[in-house]
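The transmembrane segment feature in TrEMBL is assigned to B:20-40, B:47-68, B:74-95, B:107-130, B:169-187, B:216-239, B:245-263, B:270-290, B:302-320.
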Amino acid sequence: MSLLELKDVHAFYGGIEALKGISLTVNEGEIVTLIGSNGAGKSTTLKSICGQVKVTGAITFDGKNITDQAVHQTAAAGIAHVPEGRRIFPRLTVKENLEMGAFSVKDKDVVSQMMERVFAYFPRLKERLRQLGGTMSGGEQQMLAIGRSLMMQPRILLLDEPSMGLAPILVEQIFEIIRELNREGMTILLVEQNAYQALQIASRGYVIQSGEMIMEDEASVLLESRKVKEAYLA
Amino acid sequence: MISDLLHSLPQVLVDGLTLGAVYAVVAIGYTLVYGILELINFAHGEIFMSGAFIGTAVMLMFESAGWLGAMPGWLAYMLIMAAAMLVTGLMGVGIERVAYRPLRSAPKLISLISAIGVSFFLQDLVRFIAELSTGSYLISSSTLYNDNLQLRVSKLGGSLGDAFLKTNTVILIVVAVLLMVGLDLFVKRTKWGIAMRAVAQDRETAALMSINVNKVIALTFFIGSALGGATGVLFAQQYGTVDPFIGYVLGIKAFTAAVLGGIGSIRGAMFGGLFIGMVEMFASANLGVLTSGNFGGEYKDVFAFAILIVVLIFKPEGLFGKAVKEKV
């Protein structure tokens, strides 16, 4: 059954139509990737899902209509969005950043359990609990951003360009963790410019161009497609 | 000349600490709201004034009902304080809802003008209510703990003079310190306090953490305004008489204190308030002596604003407003 479904979604920025009726589904347990060039509408798609952009059309999550729902309600419903540029709270400590991820979790024991789980993925964070988020390196910030989103025990993780600006070795690490999260059952919608790596870990993929979905297929098929190769894997 | 300065020093310290404590708590209200909305809430001085009036009104009500003699002074004090904090807190929430939230995506200047409008509105509203019910906008009530104390500092020798104060002066300083410590702990340690800082740093991302941003902003206004209202009560109890215009200059000085400490920084606001209170009282007592009578104590107000100008020129981020370097 599909966990997340977008049907004929249009989004406008001022007078410009950023999404021209896109449709997309993510099934439980999948990694789905959305690839495309700069400005194609990848981030806008994620922002539409979490309610940061006003849209027309229908967005359903777990059978419920969440179109234009307030951002904090969508998050509380189980959609964790790791935004582009990581957006760590710079003057909160690592621990406080993680605690904010768990803002909607009432039970303190659950919060500390989740924190231990995050430390299992990212041991680095445990060593730096009292450090201010803004003073960490880019790779550490990305780890914190993903860890923070896991704190809310989401049902789906929306990742916006997690590899951006990271050294190749860190990109490897981040993708490895994404794969591991998925093996443990996390559903993931991954937006990437790094199309080759994204398609390698994804089960299915969508290609977006100028606000329209131009292709949709198994990731392995997209990897072999001449069109994708020429435009995004060159 | 030195002996004159020393003679008045104990009194200057006591008065400076008193006034400084008032400035400090009011400054926190400015800094909290600025931190979260980047808005200078010019109505905050009037919230302070409203707190003073509400405290005085409740006091007059106790008096006329004959309850004042029947209950212990500390209980009366706590009741007027609680009433003023609750009402001013709700006023703050209402002002945000009506005058600032609809303008949140408008240019900052628009909200600023709205704030000035609210400030005048509150002055006239309070004046209207006061005149309607008592015939005058200057209102006095009896004060609690107004017995005189004398700090016999002169016994320490030298040319130090004695300092005079009331029991209420001590209460004012103690309560102000408790309010500040309480707020500091709240913001540092509690989940909602951390959420306030998170919203101040990145509102969009805070919402992604399932934080209800509007609720946090309303909470910030409630807390900042309740602190301002509480200070108004302390002030009214200290000086006995209130009028609808006490919040104006005091508010601007408290704002100066917040800028001096680094607007957005809570500890900076506390320091700035105490500093400006001290400087002002020192000037008020000694300006005549230092300038051989050419300038009297009435020039004391110049100092707060001269400090503001100097800070804005040389350290615009304020003394405690250090920016953490953010890596991209």
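Numbers run from 1 along the shown chain.
The backbone N, Cα and C atoms fix where each Cβ goes, glycine too.
Away from its own ends, the transmembrane segment (B:245-263) comes close to residues 22-24, 26-31, 34-35, 40, 42, 44-50, 52, 119, 122-123, 232, 235, 269-273, 275-276, 280, 301, 304-305, 307-308, 311-312, 317-322 of its chain (Cβ-Cβ under 8 Å, at least six residues beyond either end).
Between the transmembrane segment (B:107-130) and the transmembrane segment (B:270-290) there are fewer than 3 Cβ pairs closer than 8 Å, counting only residues 6 or more apart in sequence, so the two stretches are not in contact. Taking every listed stretch (B:20-40, B:169-187, B:270-290) in turn, the largest tally of C-beta pairs under 8 A with the transmembrane segment (B:216-239) is reached by B:20-40. With a threshold of 8 Å between CB atoms, the same-chain residues lying at least 6 positions outside the transmembrane segment (B:270-290) that come near it are 1, 4-5, 8, 11-13, 15-28, 180, 253-254, 256-261, 296-297, 299-304, 307, 318-320.
Long-range neighbours of the transmembrane segment (B:74-95) within the same chain, counting only residues 6 or more positions beyond its ends whose Cβ lies under 8 Å from a Cβ of the stretch, are 43, 47, 50-52, 54-55, 58-59, 62, 67-68, 118, 144-145, 171, 175, 218, 221-230, 232-233, 237.
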